[in-house]
Amino acid sequence: MDQYWREQEGRGLFEDDANSYVSDDDTMSSLTRMIYDKNSSRDALHSDYDSSSFNVDSSSVAYPAWNQAGEEAPVTMEGVQEILLDLTNKLGFQKDNMRNIFDYVMVLLDSRASRMSPSSALLTIHADVIGGEHANFSKWYFASHFNDGHAIGFHDMSSPIVETMTLKEAEQAWRDQMAAFSPHRMMVQVCLYFLCWGEANNVRFVPECLCFIFECAYDYYISSEAKDVDAALPKEFYLDSVITPIYRFIHAQLFEILDGKYVRRERDHSQIIGYDDINQLFWSYKGLQEIMCADKTPLLDLPPFMRYRHLSDVEWKSCFYKSYYEYRSWFHNVTNFSRIWVMHISAYWYYSAYNSPNLYTKNYHIRLNNKPPASCRWTACGLAGAIASFITLAAVVFEYIHVPRRYHSARRLWPSMLLLISTLLLNIAPVVFIFASSTKEQHYASRLVVGIVHFFFSLVCVVYYSITPLRNLVGFTTKRSGKNLANRFFTANFTPTSKTGAFVSWCLWITVLVAKFLESYFFLTLNLADSIRFLGAMRPYDCRDYILGAGLCKAQPKILLSLLYLTDLSLFFLDTYLWYILISTIYSLAYAFCLGISVWTPWRELFYRVPRRIYTKLLYTDDMEIVFKPKVLISQVWNAIIISMYREHLISRTQIQELLYHQVPSEKAGYHTLRAPNFFYSQQVKHYKQDLFPANSEAARRISFFAQSLAESIPKTSSIDAMPTFTVLVPHYSEKILLSLREIIREEDQLSRVTLLEYLKQLYPVEWRNFVDDTKLLADENDSVIGSIDNEKNGVNKAYDLPFYCVGFKSATPEYTLRTRIWASLRTQTLYRTINGFSNYSRAIKLLYRTETPELVEWTNGDPVRLDEELDLMANRKFRFCVSMQRYAKFTKEEAENAEFLLRAYPDLQIAYMDEDPQSRHNDERHLYSVLIDGHCPIMENGKRRPKYRIRLSGNPILGDGKSDNQNMSIPYIRGEYVQMIDANQDNYLEECLKIRSILAEFEQLTPPLHSPYSVNAKAADNHPVAILGAREYIFSENTGMLGDVAAGKEQTFGTLFARILSLIGGKLHYGHPDFINVLFMITRGGVSKAQKGLHVNEDIYAGMIALQRGGRIKHCDYYQCGKGRDLGFGSILNFTTKIGTGMAEQMLSREYFNLGTQLPFDRFLSFFYAHAGFHVNNMVIMFSLQLLMLVIINLGAMYTVVPVCRYRQFDSLTASLYPEGCYQLKPVLEWLKRCILSIFIVFGIAFVPLAVCELGERGAIRMVIRLAKQIFSLSPIFEIFTCQIYAQSLIANLTFGGARYIGTSRGFATVRVPFSLLYSRFSGPSLYFGSRLMYMLLFGSITAWLPHYIYFWITLTALCISPFLYNPHQFAWTDFFVDYREFMRWLFRENSRNQANSWIGNCQLCRTRVTGYKRKIYGKKADKIAMDSPRARITTMFYGEILGPLGTLFFTCIPFLFINSQPGNDDETQSTNAFIRLIIMSVAPLVLSAIIAFFFFCLGIMLRPILGDRSKTYGVYLAGVAHFLFVCVDVVVFEVLGYLEGWSFSKTLLGFVAIISIHRFAHKFFIICFLSREFRHDGANLAWWSGRWNGQGFGYMVLTQPWREFVCKTTELNMFAGDFLLSHLLLFLQAPVILIPYIDKLHSIILFWLVPSRQIRPPIYTIRQNKLRRQIVLRYATLYFSLFIAFFVLLILPFVFGKSAAGTSMDKFNLIQPATKIVYSSTKNSSV
């Protein structure tokens, strides 16, 4: 298209049909100017740019729908050019921006004009961008101008009723005046908006700011100032004076200059004025009034035409402020999801209060089971209303904290607070009134009436606060009201769901809630009633501690009861998600049947109808001329699909002959007919299919889905010529473009056992065989060898074939090696695979265009070259492919060659990248450019391609996490009305691309509008635009093993099953790829993603939230799918899980969640919560419940150990006596525990239901059973448990510390054994510590109060501890195990004399810096750590997770230890033991000893430093090693001493060990938070501590304080090292039985990779020297391993078998030794009242 401009030299500037209107009143508004612009004469202003600056295609085929339409275009192409030239010259835009926007606008006009008249095309585009009902500019205009007496919008209108206009009247006036615009004026406004947008760089993320800039620019453009030659704006004024100052403010919020370099500021989101804060300043007129120039003059005080020039004078730093504080706090969830907490906690209170009457019954006696007065029971339940009011009041208070009052659109909170305080007091008053009455008064009828009224009033409060959005608690704003327009337009403009969708939504949630509340009552709370009755009345007798006395141990039943309540409440939250999953799965399946998406369609019927459906659903259009019989057209499409599969080596030469349409002689002489493949018509289609396609092959899957998808309801399509233009956009950073031959045929590293090519041949044997046959055929043709196929069959030439089957070629020429590289690249996650797949759109468009336009052959006179040119023109007109290669200018040589190969293979591929001005000096500010090239760009002398466009940027656009910035950089280069967002590891197929017309029809914009968008009729019939269209993904890694299949299953359920029903009920958001985006809707609202660093790490979903809040619809189509790669390694998958979990935590802090959570209607709010945040909250609650259950188990086990337990029959009378006398009735607690375990088991098991249902519906019962059986055999439930913990931990850690970032995950095959040290360091914090702590508790519970149900807990906790090693390839290979053990021991003791990042101490310091942070200034020594770190966490944020949580665990673990040592039943007070002192001594002793050892070796290092000199570095290694090993021995001795003091009772010792761990955990966190300053970025302090060399470490003046800080570090490090040493060896010892199993490595590989033994990966090949060395390593370290194993057994087990208590002997002078446990039955004392 750029050729057009070359022929325009010498043409004059355009003659406008409108004279520019010059207002005498400088305060005239821009709307008035838009309305009253008069015709202007031609401007004689000198141009900075003229038409000779451009190269645009002027041929007649350029933009044919616009230029060659039957109706004359309202503005010609030359006129658009002249408009752009004039705008550029007057407003100071860049030349290349103008050229790019010209093509952008013309392609957009051509796309619209292809299906409607040019006038309608321009009118609808103007309505979409500027003035329409759903245009963002019009909404911004009314939001920011309407609420101030219409002074801005309508001040100068002549109508006398202007001042009293309502919003409805104002909107009508707007529409009337928009309709009166001339086409030229509309084109000016559209072009100006896109010029402003195209050059805005990061300001594109602030759409309302862009609207304001556009308004100022337009005011200036239509003024006389713009025509004044002497006052002309300088070149590139817009970038330098308008955009760059705003960009620099954004940049300054994130970066500061330190030591001459930009480094990221250490600020959390609440301290950063981000894109949204900037944008919200422009939402109101009061905000606009705060925009001040440097001389403190408000910008709005200037005449409108002067504002554009003075934008460069604005002090943006003084204008912008925070409009929402994203404090890292759990309080956001209280506000955002207050209705969830009200609904659950209030309902739980109703249930619990009703079932706990004994707790508020005066003088309750268990034998009498006396009931409270009815009034008390009614009002006790009614207290739920106070709870609901209090929770909602807290939500409003936290809203006050998060939304500053300075923000002009902040709502008034005092009416809500007044209401809530009133209802709170009204709900508390009856409780006080009734319970303060005497027992006699409580039986009065008046009290009963008060109680009943209170109960129903509380019910009203609970229902109201559960259903009503927080922002609508007091008063409602009608749609016609002019109040608070900004919030209504930009945060709560929710599209109403259809009647069907609303009905389904309410039915779904009514079903879920009814099932949940019924099940929760009978299964959870009612079963707790017996436990409440017995524990509430339980009074332990004769128990005491020497120091604490009897008070604490007598409170043990109440403590246990409080844990039961808390655990039951957490489970009460869990089952809501359980029912949501179940019910939504059923609804989704039913909806799928309604849509026709099911494998249950008769198989023969399904394939029999494929030809007919190809014609009716893919080919036939209403305006199609019937020239050939449908069979001819069908055959072209079907043969193209089959041939594409053959070219991809999915089917063989034999199979392709069976599947193609063939031309055969007809019965009539001289005629031919088409014979359809028997595949369609055979009576045994399924048998035929299995013969043609191998079982579970890719070809069978694709054909099956294609046939099934055509059975669905697909929108009617238009012709290819009338199809909208669209773009595929792929962001690329460092993903592999094309595999090199070295990567394919060489092992990845020394830990790899297989080359990539060998592994691919194992995964795709059929496709490899087809590829080899094809290559051999090509080689035979080139070598003129005849009969090679026969020789192969006869086995004559096997030596000739060997190289082909080995590496895919015999001759290592580039064309053959490239074929192998491409074959491998098309089966891995490469960019080449993505481009090859999505280029099928171009092939599909050509195919469809040729079939529907048979006259093409006549037009081209049968010339195949001209025919191809015509097809190429149509494909390029309708489809563009753009890859945003951020690093293209800095590619390595190999990457550059691969990119060049892509451009040569796909010349129409466009690459957008960021370039730097080569002429910039070292001291000058760099000029960065956004550049676009394609395969047609000529290659310059420097080897690079000449850019089509090179637009200077205001600065580096990569300010966030990268991906969204990368997309934003390239978004001006997309073309057309829609864009498909694709990742660089996806694939697509020809048969799916053929559906593109139907997909674009889902946006409901194919038919021309019946009325002008500015007419009243259009307003009445208007529907909200479709903003996003979601699509299915097939995870092509599902057959690569268990982990790949799990990832595929999650995508299958989440991205398909739930997305289907969520789109119907209005709860679907933009999950990512391969969704289609409505370009005009999204780019005018901030783009396709958000980009604030950290906060928007999951950038894709924000596009959905933008669309949902701003009036867009989000749909989902099931009949189209493309391929998607997923991470295949354990660590890589969990990195992705961590990114999703931390991203969700950031979403919870965002204003989008605040807006949606506080404004969505009830049913859509529930869908939004449980489909997104609810999943992660559920994972967190599961793990919290698990921890609570372990605390219940140890507290219950402590009681079971030392008290007599009553016999229990569940159906005995409530007043039955307890037997034997003096016993404690604890059996009901065990019964309740059984049901809780069953509940959690069901919650975990329910995770497989969606996948099972999805498989059942789409692939059949047999495939469902096979797939689930393979997953269960592969131990995938264990992986799911571990994943659940990673989700929960990443969410909690991010809300505590922050640090969310984009995690680049691996996209290769996980065949390499990961070292134990790496796995341990990666997962110890998130899971191993947590799992081991709970496992110790469960071991105690299993010893003291065994239940068979505990087996489930053992599986769960074992999963948390061993999953990283269970899913590590070749983890249990004998030799590799001990070689790895050697590396692990080195890792433990490494970096005590030299800097080594891969070490235990390095990992320990890295974990610690989440709390302490790094020092900002670097002293003397080069930093070892990265410069861009997350900010130091605030102590108030860490209080809950790092202080309060461990403190609670400490309390609930120490209490049972004290109780188990309190000797219940022993009435001899003289025999009381000092259990409390014992616990204190055993807890403090390790801390004191670690401090002594650390200080001793510090002094030793200082003393040895002068003696040894430079050798002190080496000596430091031994000092550190001795100190660490010595403290390991100290920890073992402490455990032995504890066992001795506990009388060698293993259960009591174990419980004491658990309590000590809790104390140490709390102490370590407390010391680190309270006493440690920031870390240095180098490791000098650690090295200096052991070597004594404190000088020269780069401490500066801090050398005086650093030893004291390091002393605290070393005190905690020695404790943590001992814990890690013991825990890691425990985990290694657990693997001992496994590594001794013969052939375990093969069995393990079958589980992981699903490779049969005959196709197992071979063991690595080593040299003789390497084998000898490995045998020596195995001998040494196997000896060490088993020696430590025996030592652990002897020291930690045998003493408890043979030891005897020394209590009461002369050695027990201080009563520290616990006597043997004796359960005492007392016939005179009762444990219950």
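Even glycines carry a Cβ here, placed using N, Cα and C.
Feature annotation from Swiss-Prot assigns phosphoserine to Ser23 (among others); the stated evidence is experimental evidence.
Annotation comment: Swiss-Prot describes Ser784 (among others) as phosphoserine.
Among the features that Swiss-Prot reports, phosphoserine is placed at Ser788 (among others).
Among the features that Swiss-Prot reports, transmembrane segment is placed at 378-398 (among others), with the record citing sequence analysis.
The transmembrane segment annotation in Swiss-Prot covers 416-436 (among others) and rests on sequence analysis.
Outside the transmembrane segment (448-468), and at least 6 residues removed from its termini, the chain residues within Cβ reach (under 8 Å) are 338-339, 342-343, 346-347, 373-379, 381-386, 388-389, 391-392, 423, 426-427, 430-431, 433-434, 1162. Residues or ranges marked as transmembrane segment in Swiss-Prot (evidence: sequence analysis): 448-468 (among others).
Per Swiss-Prot, transmembrane segment is recorded for 546-566 (among others).
The transmembrane segment annotation in Swiss-Prot covers 577-597 (among others). Counting same-chain residues at least six beyond the ends of the transmembrane segment (577-597), those with a Cβ under 8 angstroms from any Cβ of the stretch are 504, 508, 511-512, 515-516, 519, 708-709, 711-713, 1057-1058, 1060-1061, 1064, 1118-1119, 1170, 1174-1175, 1178, 1242-1243, 1246-1247, 1249-1250, 1253, 1257-1258.
For 1180-1200 (among others), the entry in Swiss-Prot reads transmembrane segment, with the evidence type sequence analysis. For the transmembrane segment (1180-1200), the residues of the chain that approach it from at least six positions outside its boundaries are 556-557, 559-560, 563-564, 566-567, 570-571, 573-574, 1224, 1226, 1229-1230, 1233, 1236-1237, 1240, 1243-1244, 1284-1285, 1287-1289, 1291-1292, 1330, 1334, 1337-1338, 1340-1341, 1343-1345, 1353, 1356, 1449, 1452-1453, 1455-1457, 1459-1460, 1547, 1551, 1554, judged by C-beta separation under 8 angstroms.
Residues annotated as transmembrane segment in Swiss-Prot, with sequence analysis given as evidence: 1237-1257 (among others).
The transmembrane segment annotation in Swiss-Prot covers 1337-1357 (among others).
A Cβ distance under 8 Å defines the sequence-distant neighbours of the transmembrane segment (1440-1460), meaning residues of its chain 6+ beyond its ends; these are 330, 543, 545, 548, 552-553, 556, 559, 563, 1187, 1191, 1194-1195, 1197-1199, 1201-1202, 1292-1293, 1295-1296, 1337, 1411, 1475-1476, 1479, 1547-1548, 1551-1552, 1554-1555, 1557-1559, 1561-1562, 1565-1566, 1569. Here Swiss-Prot flags 1440-1460 (among others) as transmembrane segment, drawing on sequence analysis.
Per Swiss-Prot, transmembrane segment is recorded for 1484-1504 (among others).
For 1515-1535 (among others), the entry in Swiss-Prot reads transmembrane segment.
Here Swiss-Prot flags 1550-1572 (among others) as transmembrane segment, drawing on sequence analysis.
The stretch from 378-398, 1237-1257, 1550-1572 that makes the most Cβ contacts under 8 Å with the transmembrane segment (1337-1357) is 1237-1257. For the transmembrane segment (1550-1572), the residues of the chain that approach it from at least six positions outside its boundaries are 1194, 1197-1198, 1333, 1336-1337, 1339-1340, 1343, 1408, 1411-1412, 1435, 1438, 1442-1443, 1446-1447, 1449-1450, 1453-1454, 1456-1457, 1460, 1478-1479, 1482-1483, 1486-1487, 1534-1535, 1538, 1542, 1605, 1608-1609, 1611-1612, 1615-1616, 1619, judged by C-beta separation under 8 angstroms.
Only residues 6 or more beyond the boundaries of the transmembrane segment (1515-1535), in the same chain, are considered here, and those with a CB under 8 A from a CB of the stretch are 1388-1389, 1392-1393, 1482, 1485-1486, 1489-1490, 1493-1494, 1497, 1500-1501, 1504, 1508, 1549, 1553, 1556, 1583, 1586-1588, 1614-1615, 1617-1619, 1621-1622, 1691-1692.
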